[in-house]
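Novice: Okay, these came from TrEMBL:
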DOMAIN    2-212  domain 'Glutamine amidotransferase type-2'
ACT_SITE  C2  active site, for GATase activity
BINDING   D99  L-glutamine binding site
BINDING   V286, S359, G360  ATP binding site
SITE      E361  site 'Important for beta-aspartyl-AMP intermediate formation'
Amino acid sequence: MCGFAGFTTNGYTGDRLAVIKAMSDQIIHRGPDQDDYYVDEGIAMGFRRLSIIDLEGGSQPILNEDGAKVLTFNGEIYNFRELRKDLIEKGHIFKTSTDSEVLLHGYEEYGAELLQKLRGMFAFVIWDKTEQKLFGARDIFGIKPFYYYKKDGNFLYGSEIKSFLKHPSFVREVNEERLPDYMCYEYIPCDETLFKNVYKLPGAHCFEYKDGKLNIWRYYNIQYKIDESKSLEEWEQLITDEFTKSVEAHKISDVEVGCFLSSGVDSSYVVKEVSKVTKDVKTFSVGYKEEKYSELPYAQDFSKTIGVQNISNKVSADDYFRMASKIQWYMDEPLPNPSEVPLYFLAENAAKYVKVVLSGEGADELFGGYPMYLAGGHFEKYSRIPKFLRKGAAALAKRAPDFKGKHFLVRGAMEPYERFMRANYVFTRDERWQYLKKRIPAKDPVEYAKPFFDEMKDFDEPTQLQYADIHTWMLYDILQKADRMSMANSLELRVPFLDKKMLELAVQIPTRYRIDGNTTKVALRGAAIKQIPERTANKKKLGFPVPLNDWLRQDKYYSMVLEKFQGEIADRFFNREAILKLLNDHKSGVALNMKKIWTIYSFILWYEEFFILH
C-alpha cells in the first residue's frame with residue numbers, strides 16, 4: 001500500500017520539512033502515486049502512497065476530528081468495514097472510506113487494545129500531539145516492515161532503513177557484532193540489524209515513545225491448543241471454509257488484483273479460490289531458460305486446466321547477476337536467499353498489469369510444509385529411546401565409515417533446537433571463524449533458537465519446529481523478501497494464508513493431520529484436492545529453485561564473484577584465502593558451496609550499495 005518515514009524533532013533545529021521529504025523520497029518505490037507530510041514542534045511524518053482503496057480520499061498523514069492525533073500506515077486492515085460500523089455507532093465521524101481512518105478512530109476509542117481487534121497486515125504510527133507521544137505497532141506475523149533508529153536522543157522510524165540515510169543525525173555504521181550471526185543464519189535472528197543502532201520492531205509487538213523513552217511490548221502470542229476431537233475430513237472442511245473467507249477478505253481493493261503462481265499447492269489453491277469470483281484473474285509466473293529448474297510448464301498447465309490467464313517471464317543468468325547488487329539495496333539488510341532475484345523479476349512483470357497480487361507465503365509454516373517437519377516426526381519417535389542409548393549410538397556412528405542412517409543416529413542424540421540449527425546453518429558456529437577477518441565476541445547461534453523450543457517444551461518436535469520457523473525463518477527471510485521485492489516494483493503483495501483466523505485454526509490441528517509419514521500439509525492438501533487437480537495438490541515442494549549452483553561454475557559469473565572476493569570490502573571483513581578456496585572448490589566441483597559463497601557475496605554487494613554507492 002505504501003511506505004512511511006518519520007522522526008521526533010526535539011532538539012533538531014534544521015529544516016524538518018526538507019529532511020522528511022528527502023527521507024520519504026528514498027522509498028518512492030513503495031508509493032509512487034502521492035506524497036504528503038506532517039510537521040509540528042514534536043514530530044515530522046512522511047508518507048508515500050500506492051493507491052488501492054478509496055483512490056480519491058485515501059491520502060496520509062491523516063488527522064482525527066480535532067487534529068490532535070496523526071497517523072501514517074502501511075498495509076491493509078481486512079475487517080475495517082466491521083470496525084468502522086462499530087466506531088460510527090460509538091459517535092466517530094469519518095471523512096474517508098479508508099482502513100487508515102479506522103485505525104485512527106479505533107485508537108482514539110480503544111487505545112492499544114485496538115490491536116486485539118485487527119485482522120490484517122500492517123505497520124503504523126500514531127502521533128498524539130496532546131501527550132507528545134508516539135504509538136506504533138506491527139502485525140502479528142510481521143508481514144509489513146518497521147525499523148527504528150535510536151541514538152543520542154534521536155528517534156527515527158520507517159518502512160525501510162534507507163530512508164534514515166537522509167537524516168543529518170543518522171550515523172551510518174556496520175553492526176559488526178552481528179556479522180557472525182549473519183554468517184550462521186543468513187539473516188540477523190533478533191531485533192538488531194547490520195546497521196548499528198537500527199532495530200526491527202518484531203511482529204506482534206507495539207511501542208510507545210515519549211520523553212526520549214521507548215517502551216516495547218508484545219500484544220499477541222501464538223498459542224497452540226491441539227483439538228483431537230475432529231476427523232481429518234472435518235479439518236479439511238474447516239480449512240476450506242476459512243480459506244475461502246480469507247481470500248475474499250484479501251481481495252478487498254478498488255483496483256485489479258492478480259495472483260502469483262508457482263507449481264505448488266499453496267499458490268495454486270490461492271488462484272483457484274480467486275478464480276471462483278474473478279473469472280478473468282491474471283496469474284504471474286517466473287522461470288528460467290534452464291528447464292530443469294523452471295516451474296513454468298507446471299504453472300502454465302495448471303492455469304490452462306482451470307481456465308485462467310497466465311503471464312510469465314524467464315530470468316537469464318545475465319539478468320540475475322545484473323540485478324543482484326540493486327536487490328541488496330532494496331532489501332536494506334543483506335539477504336542471500338537466491339530466490340529473491342527471480343521474485344523481483346516476477347513482481348516487476350506483474351506490476352505492468354496490476355497493483356495487487358495474492359501469494360502463497362505462510363502455508364508451509366502454519367500447516368506443516370517443510371521436509372524438516374517430517375524429520376522432526378521421526379526424531380520424536382526416536383526420542384522415546386533412553387537418551388544414554390541414543391548418545392552411545394551417536395558416538396559409535398561418528399567413528400564409523402558412512403552408512404545409511406548414520407546422520408540420523410548422530411542427530412538423534414541432539415536436542416530439537418540443535419537439530420533445528422543444524423538444518424539451518426550456512427556456516428556452523430565454529431566454521432564461521434575460518435572465514436571472518438576478526439574473531440569478535442558472539443552469541444552461540446543456538447541461543448537465538450532455544451527460547452522458542454523452551455516455550456513449546458510441552459509440544460512435539462514438529463510443532464516446536466513450526467513455532468520456531470514462524471518466529472525466525474518466516475519473519476526474517478520469507479516475509480522480508482516478499483515485501484521488499486514486491487514493493488521495489490510498487491506492487492502490494494498479500495498473503496491470505498497468513499490471516500489471523502487461519503492461524504487460529506492451524507494451531508488446533510493435530511500433528512498427524514499436518515505431517516504423516518512422508519506427506520506434508522496433510523489437511524491442507526486434503527482441502528486443496530477438492531478444489532484443484534490431484535497432481536497439483538500432491539506435488540512435491542520445489543521451493544523456488546534457482547540455477548545458481550551451475551552459474552557459479554561458469555567462467556563469466558565465477559569471474560564476477562572472484563572480483564568482489566579479491567576486493568577491498570572482502571579484505572576488510574573476510575579471510576581472503578579462505579573465501580577464495582570456497583569459490584574455487586565450488587567452481588572445480590570439489591564441493592557444493594553455493595549457499596556460503598552467496599552469503600558472503602551478498603554482504604559485499606550490500607556494503608557496496610549502502611556505504612560506497614549511496
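Using the three backbone atoms N, Cα and C, a Cβ is placed for every residue, glycine included.
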Novice: Please report the Cα separation of D99 (L-glutamine binding site) and E361 (site 'Important for beta-aspartyl-AMP intermediate formation') in Å, rounded to an integer.
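Specialist: On Cα coordinates alone, these residues lie 23 Å apart.
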Novice: Only counting partners 6 or more residues apart, tell me which same-chain residues put their Cβ under 8 Å from the Cβ of G360 (ATP binding site).
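Specialist: Listed in sequence order, they are F260, S262, G264, D266, S267, Y269, V270, V495, F497.
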Novice: Return the residue, from the listed recorded positions D99, E361, with the maximum count of other C-beta atoms within 10 angstroms of its C-beta.
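Specialist: In terms of Cβ crowding, the pick is D99.
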Novice: Could you find out if DSSP has V286 (ATP binding site) as helix, strand or coil?
Specialist: strand
Novice: Taking the Cβ of S359 (ATP binding site) as centre, how many other Cβ atoms lie within 10 Å?
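Specialist: Within a 10 Å radius of the Cβ of S359 (ATP binding site) lie 26 other Cβ atoms.
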Novice: Taking 8 Å from the centroid of the Cβ atoms of V286, S359, G360 as the cut-off, which other residues in that chain fall inside it around the ATP site?
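Specialist: Here the nearby residues are C259, F260, L261, S262, S267, F284, L343, L346, V357, E361.
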Novice: If the ATP binders are V286, S359, G360 per the record, what's the largest distance between their Cα atoms, in Å?
Specialist: 15
Novice: Where does E361 (site 'Important for beta-aspartyl-AMP intermediate formation') sit in DSSP terms: helix, strand, or coil?
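Specialist: For E361 (site 'Important for beta-aspartyl-AMP intermediate formation') - judged by DSSP and reduced to three states - the answer is coil.
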Novice: According to DSSP, which of helix, strand or coil covers the residue listed as 'active site, for GATase activity'?
Specialist: strand
Novice: Helix, strand or coil: which one is the residue listed as 'L-glutamine binding site' in, per DSSP?
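Specialist: It is helical.
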